[in-house]
Each structure stands twice: as C-alpha cells, then as structure tokens.
C-alpha cells in the first residue's frame, strides 16, 4: 500500500460515528510507530543525503501527513508558519524500512520511494536510532502533561461508583503522542484525585527511564485502567484494574508497598465472593488490557489456576470495559474500608466536571495551602462531605482532619513525628527513623542536611522527643565536647616544607607533605622518588627506609623523627579533658532509665542446661550445680563457685537473701544467674555482663562484682529489643548489622552467641560476638560456642568426641510380629445394662493395630477418665509438695515417697513396658529417681556379658567412669523408661555429698496425664555398624539408631 505525502487532507471530526474514529486513530498511531507492531523509519544521517521527499517532523521524528483537527475549542490549530520553522530546524527524513536478505545483506531502496510508506509484513527489530526517536517522542509527550478532551465515551474508575466523568481522558502516553504530533502547546488539565496521582506524575517526570519495545511500567497507567498483570514469574497473566493505593487499597496492601510498582486488584473472587486479590506489579509484568486481550486470553498454562475462575475474571473485565462498574467499585471500597463514603461530593463534581475552577479547587498544591478547604484532608487534600468530616473529627482527636485512608496510616507510624504529615506512596521528601521510638521524621523538619545522610547511616539518630526525654547531654563518652577550650597552640599541625635526609652517604631532600624524596647525587635530577625506591637507589641493603633513612641534622631515623614531631604537636594542642560527670550524676541517669515502665519477661528456668552458657554437659572438675531454692543450674566456672564442695545445700547469690527480690538492670528477664554490681541494689545476669564491652568482673574466680555499669552509653538504654519488643536495660548489637536485642533474650531465643579467645602480644583477649536471626538461624538447643586458637568447641563437637554416660541397653535381636487386621469396634450404649452388652475377649498375644501407649491402672474396669475418678476421692489426703527444702537429701527423700503418685507403668508404644505419667507434670519438675545397685565399671562389664548370654535386657546407667548403676535385678520403676530422639524428660546426675551421686529424671516439657515418659539414652555415636542399636521411637526427628 503506497500513500503519497504531498497532499495534505484535513479530517473533520465526526460526532456520529465514534467507533470508526477510534479505529482510525489506532491505525494511525500504529503507522507512526506508536504501537508495538508498527513500521519504523531511519533518519537521514543513517542512510545518507538523499534530496527527495523531505518530510518534516516534530522533535526529529516522522509524523503522518494525515493531520487531525479537534473540534474542541480548547485545542488550538497549529499554524503553517510554525511548521515551516520546524522544517528549517529539522533535517531528518523518513525512509521506508530496510530489507534484509536471507544472507544477512541490507538493501537500500531507491530514492524514488522516499515519499512512500510501505507496510512491512515482517516484525523486525528496531535500530538504536529508532529507539532514541521513540524515547524523545515519549518523553516530550510525558513532560507536557497533555490531556485532550474528546467526545469519546471513556471508562474511568474513580473513588465512587456513580462518578464516571466522560470529559476527561485517562490514556497512556503512547496514545497521546499520536494525537498531538502537530501541537506545540497544549493546555494542562489537572487530574481529579489526591496527591498520589500528582506526585506520581512528578516522580515520572523527574526520573525518566529508558523504555524498551513492548515493555510497560507503572507510569504508563493510571487509577482505573484495565490491565493484564501477574504477581510472580511463575504466575499467569490475569485481568486486573489499577487502583489508587492511598484511597482504594486495604491497609494490609498499603503496608506492603513496593516502590516503582503499580497497585492492582485482580478480577474474579478468591475463596468466597467477598474476597479479592491484590498485588504490586513491577515493570515488564503489566500490559494494557484491550491491546493484549486476544493474545493473553488463551494462555496455554495457568500454573494451577482454575480455568473456570480465569474465564469468570475475563468476563468481569470485559463488562468493566463496557462501563458496568457499580459492583466493582462497591467491592473496592468495601475492601478498603470506605463503607461510609458519601457520594454527594462526587455528584457535585460530576455536575461541575466541565469547570476548571473545580479542578483547581480539588487538586491540592503547595501554592494553595493557605486557601485550604476547611473540610479537606490534611494528608491527601481530598474534600470530605460535611457528614463525613464530622464523623472523622469524632473518631480522630485533634485539630487535624484526616480521611479514612490517611487515618489508617497513622496507626503503623506512617506519619512524621514533628509535622504530623501523613506518609505518601511517592513522597519526594527524605525520611529518617529514630532509633529510640522508631518513628519516621522528615529530614527537613529536624533540619538535617543531605550531606549528613551518610553519617546517619553509621551512627544512631534520635528525634527531638527522645533527646529531650532521655537527656543525652549527660553522656560524656558518646558526644564530643565541641566547646572545650584548647591550649594556646590550637592551630593545625604545620609540617616543615623540606628536610635534608641521608641514606648510605647520599643526601636527599624529603618533602613530608608529599612523602617523596629528591636525590642530590647529581645524576637523578629533580625527579621525586618514593622512600623505598630512593633507598635502593642509594645502594642500602637494609630494605627498611624507616631505620636506614636518617635526618641529617639530628641523626635520628626518619620514622622516629616523624613520631617525635607528632607527639610534640599532640602535647602542644592537647585539649583540656572535658569534665566527667560524677558517679552520683551517672547513677541518677541510670536509675532514671530503669524507672521506665516495662513488662517483666517470666521464663521457666530448668536444670536441663546451664543458665549461663546453655551447655548440657558437665565434667568432674566443672560440675553443674543446682540452687536449692530457685532451681537454677549453672556450671561452677560459669558462676564462679569453683571452691564449693557441698552441693546439697548450695544456694545462688540472689537466693542468699530471699526476702529481697533481685532483678537484672540490663534486661527485663526475671530470675536466672544473677550477680551483684559495684552499684548498690543493682544486679545483672552473667550473660548480660559478658556481652557488654564496658562491663567486667572484678574477680575472675568469684565472678563478682560487675564493674562498669555506669560507663554503658545512654544510647544503649533506649534501644528496642527485637525479641521482647521493649525498651528496658541495655541492648547489644549483632556483629553483622544494626539489629539490637538483650543478651539474655537472645540466649533464651536460641541466637548464635560466641566467645572468642585470642592471644595478642602475650596477653589473652576475650571477645563476645552474637548474631541476629537473619545472619544465623536460631536454634533452641544452641549453646555458647567457644573459639580458641586450638579449635572451636560446641556441644555438637563434644557429643561426637566425648563418650556419653550410657543408660539402658535394649536387646537387639527382637522378633518381628506381623500386623493383625483391624478389629471391629462394637458401639456401646451408655444407658444399657452391663449384662446386656456384648463381651469380647481381647487376645493379648496379638499386636495392637496402632502402636500407642496404654498405662496400667490397678483397680479393674473403668468407664470414667482418671481425672474424674480422682475428684471423687475426697477422703484421700494428698500431701502437698513443700515450697522449699533445706537440702537436696530432703528433696530426694520427698521424691521417693511420692513417686508412685506421679508415674505408673504400662504397655509402651515404643517397646515392651514403659513409664507413664499419672498426672500432669510441669516443665522442670523432678519426676523420680533412677535407683539401682551401684557397682564398679569392671563389674558392670561382666554383668552385661552375663545378661546377654541369659537373653535378658540389661539396664545400666553410668554415673562416672568408676560408678555404674545396675537396675536390672535391683531397682525401681524408673528403669522402664524408654528412649526417644525427641524426649520429654532428661536425666541429671546430682551430688548428695560424701562423693555420692544420684540420678534424677526431670521433665523437659510439660507432660500430660497418661502420656509416656521418654528421654535420650545418649549412647556413644562412634560405635561400629555391627554394634548399632535400632531406634523405635517413631518421632519426626528420629536418628534411626540409638548410637
């Protein structure tokens, strides 16, 4: 098809046939390169000088000669004189596309076809010149903010269902370029909406992005446009509508805001009829709906989505494109929480839609703030109805009026802490966050310059409220005194211009400011050399200029001369040390921090592991001792009790005065291993003191008192712990990032904590390091990892290398029993007589269909649960457990007397007989003692061999290398406890004095009544495969073998 360009035809605006106009407009846009599949032309500088068929174009790109004239009085017709000036200024020509042969050669068409347009049926790639032309065209159209009014019926999605103005066109920039090619000035129409749309356009204008072919971004669409979008790479394209996130998105969607992304609501319902899906769609994952409907409506893969749901969503999108949007707008506002929106203001807008005064009145701008409507929202500027304004004033206290979407943003602290302005999606102002109260603040509100942003990233920032609240001027170690008086010679250090130096008899001139030397040997000239290079030039074999190069006047080595010069300058300009606050003032400051209200963190301290290092293991020289009152378990070295010999009546330091409650001043965790400080009435956890660099212990053996509490920076006392979410005590920091948390909270939460032991210059240095949950995954069973020059020590490595205390051995040659068929259950009528019921004898030889534990209760058949029966035994007196015991022997004696009230035996779901709980047992409660005959290790080995020959199961528990408890023939019911890889009990070896130890089983978790009790046997994992004992616990983390 060839179209001559010499004749220009004026096209009249036909108001009757609107559909034909739309089709012709789209066709013209495609011909001019506005569409994705149109033809493109090469400029003259790429094809050479051809003097025929010069067609001028605006901004250096070709336009169609079929000029379009709008009948709207607001659009002026372009004069021919302006076109002639553009012809003179522009010397680019439009050429037909080059034709590529199959061999890759390029053929240039003859010059007689310069005034013709040949439609290319192939889809070739663009050249770089074409991309630059299209970018210039698109950027020019975007910067002009053109909005041409037309008579076409366009569908616009606004905040209310009944408001669908037809006089304002919301179209993409590519469609506008096809209509305003011949216009140099177009009127600017402010779009209706809030500040989100205006700031969005300004954001696009300030930061233009190079656009690729067929790639659309958030700046190409506006609120109400129908699009195709997908939420992920593996998700299908789904019809959606672009919404205004500030007014039409739910609060959860607004909180998960993603920069440079468009907020869309997908068509169709998810789950129920009242649920909608939302997403933030980035560039390249969003396309216009109408242009791509034929291509994307027949997607081959829907990635697990129901084709019926996709078809219903597509039908709803097509109805919305035709103007049926009432139900859609209702769903949008219902999901956004705008149920009480009054549409009277929008009806008034619709009546006055043609007035530009209304648009200037509604759209808020910086120049019109003093003329703000009294019913306009302070955050977005939207004018509220009288009824809505009265309601929002009643809900939100204060003088500022906020709409419902802006009021939602004030809850998650999306508001400036000084000017109280609402955070906007594309706010151009810079924000900083206070490290104390976590409130965002405009940098301009606190007079923070952009030059100091890098410094704020490395230091802590506090808002004016926190600075006034915590009185930071008392902290002398954090803030340098800028007003301190210097000495008389407070001028900067002035180095001498040059110094004569000597090396191996050769003189030279040293320039301290340049750190270079000019040799005076006579052959080098004025060339400046480095000290090491000049040293080699002089023939010195020392290879160390610091000692070989000397100053000629004083005969001092150059390095020593430089050090003396720096020391002299330091003494001359030494500042007068600032006056340090007194101990009384620092104590008052610390006590003021601790008087702030907080919620104490109540935790359950058990004897399973050390309360300081979290290790489970103990050794003969470093045993785990348990406080007789608070039941805190600590290592002797961790708590500083190496000289303690009587473990039966030992109490911790805090329990020596039980009438006074002790609490840690560095964290909100109650209880634990506490130690006194050098400040009276203040106590700290040993773990908290370890991870504060300013705190140390005066005595290494006793680990008390803790010194340096008053030297902790005050900024550490205003940090929010990410674990307990409280401001109390002093927080420590992750070694990889700026995450703050209490040391004890991190230890209880399973954070990775390490102790590094280094040796520098013959001196041992200890460094404590911790990691947040992002840089190291937390583990509830983690322990304090010790790194030394000889290696790394952790609980896992010791488990592999240390031979554990053996417990019970199970006979390995068990016979496999075939599973029997499921027995038929007979329904029982609870109101019938016992003699009328069917009696079915149970066969004990058959295996149960389901491996579950059955506790054995003596007393015959029972039709009621044990808890209900126990409530009827009012005559039975159950002795209450005393709150405290004078010694561990007394506690052990009470445990032996009452063990049958807590446990019983029964058929185990793991193996043979097992141990069960008669009642609920709390975490950390002592269950019973593992009793048996104590023999030497040699005797235990002989008995084990004899038991194997006789085919008996042996029950051996090793207390130490010399003593083993044999409960095979002599013992109590505790020997029936089975092994489990996920146990609910653990064993603790406790000393009762006179070098005698006992084994006590303690509940690891809360155990319910009738639940089987288990614990980990901790067999040696390094045994060969032929001695492996299979595990039958069937727990989720089963190790398959007990050793």
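Keep in mind that glycine also has a Cβ here, set from the backbone N, Cα and C atoms.
Per Swiss-Prot, the feature domain 'PWWP' maps to 223-292; the stated evidence is sequence analysis. Secondary structure by DSSP for the domain 'PWWP' (223-292): 9 helix, 21 strand, 40 coil.
Nonlocal intrachain contacts for the zinc finger (661-695), taken as residues 6+ away from its ends with a CB within less than 8 angstroms of a stretch CB, comprise 587, 590, 594, 598-603, 605, 611-612, 630, 632, 634, 638-640, 652-654, 703-713, 721, 724, 726, 728-730, 732, 742-745, 747-748, 753, 755, 768, 770. The zinc finger feature in Swiss-Prot is assigned to 661-695 (among others).
Annotated zinc finger per Swiss-Prot: 719-776 (among others), in sequence order, evidence recorded as sequence analysis.
Positions annotated as domain 'SET' by Swiss-Prot, on the basis of sequence analysis: 901-1018. Averaged over the domain 'SET' (901-1018), the predicted model reaches a pLDDT of 88.
Neighbour density for residue 955 (S-adenosyl-L-methionine binding site): within 10 A of its CB lie 22 other CB atoms from the protein chains shown. Residues or ranges marked as S-adenosyl-L-methionine binding site by Swiss-Prot: 911, 955, 978, 979.
The feature Zn(2+) binding site is assigned by Swiss-Prot to 981, 1031, 1033, 1038, with similarity to another entry given as support. For residue 1033 (Zn(2+) binding site), the same-chain residues 6+ apart in sequence whose C-beta sits under 8 angstroms from its C-beta are 910, 978, 979, 980, 981, 982, 1014.
Taken from Swiss-Prot, the feature domain 'Post-SET' applies to 1027-1043, supported by sequence analysis.
Distance noted between the C-alpha atoms of residue 1038 (Zn(2+) binding site) and residue 911 (S-adenosyl-L-methionine binding site) is 15 Å. Note on residue 981 (Zn(2+) binding site): other Cβ atoms within 10 Å of its Cβ, all shown chains, come to 18. The number of other Cβ atoms within 10 Å of the Cβ belonging to residue 979 (S-adenosyl-L-methionine binding site), over all protein chains shown, comes to 21. For the Zn(2+) site, the Cβ centre of 981, 1031, 1033, 1038 serves as reference, and the other residues of the chain with Cβ at most 8 Å from it are 979, 980, 982, 1032, 1034, 1035, 1037, 1039, 1040, 1042. The binding-site residues 1031, 1038 differ in how many other CB atoms lie within 10 Å of their CB, and the one with the most is 1031. For residue 955 (S-adenosyl-L-methionine binding site) paired with residue 1031 (Zn(2+) binding site), the C-alpha to C-alpha distance reads 16 Å. Among the listed binding-site residues, namely 911, 978, the Cβ with the most fellow Cβ atoms inside 10 Å is that of 978. Across the fold, the C-alpha of residue 911 (S-adenosyl-L-methionine binding site) and the C-alpha of residue 1031 (Zn(2+) binding site) stand 10 Å from each other.
Of all residue pairs in the S-adenosyl-L-methionine-binding list (911, 955, 978, 979), the one with the greatest Cα separation is 14 Å apart.
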